[in-house]
Amino acid sequence: MVNTKASMFLTFAGLVLLFVVCYASESEEKEFPKEMLSSIFAVDNDFKQEERDCAGYMRECKEKLCCSGYVCSSRWKWCVLPAPWRR
């Protein structure tokens, strides 16, 4: 019968070997995660906030008019979505 200590040692050695093989294959593709993260978190010029003539959602509407689709809240002076109870 197989000894429990030997069985545990073989299992541990197998896991270490599996880790080494996976690490070796990943080291070849080491740049891939960096490229993926940089492409996800890259700031695109299209998504940067632009200075507009109108105020967007939840922006102050004291000096600027609200953009189309929003109305200026008389209570808070923010641009909000129009609703029947906000007339």
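Glycine residues also receive a Cβ, built from the backbone N, Cα and C atoms like all the rest.
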Second cysteine of the disulfide that Swiss-Prot assigns to Cys61, among Cys54, Cys72: Cys72
Candidate cysteine (Cys54, Cys66) that Swiss-Prot pairs with Cys79 in a disulfide: Cys66
Sparsest-packed of the listed disulfide-bonded residues (Cys61, Cys66, Cys67) - C-beta count within 10 angstroms: Cys67
Among Cys54, Cys72, Cys79 [disulfide-bonded residues], residue with fewest other Cβ within 10 Å: Cys54
Using Cα positions only, nearest of the disulfide-bonded residues to Cys61 (disulfide bond) (Cys54, Cys67, Cys79): Cys79
Rounded Cα separation (Å) that holds between Cys66 (disulfide bond) and Cys54 (disulfide bond): 5
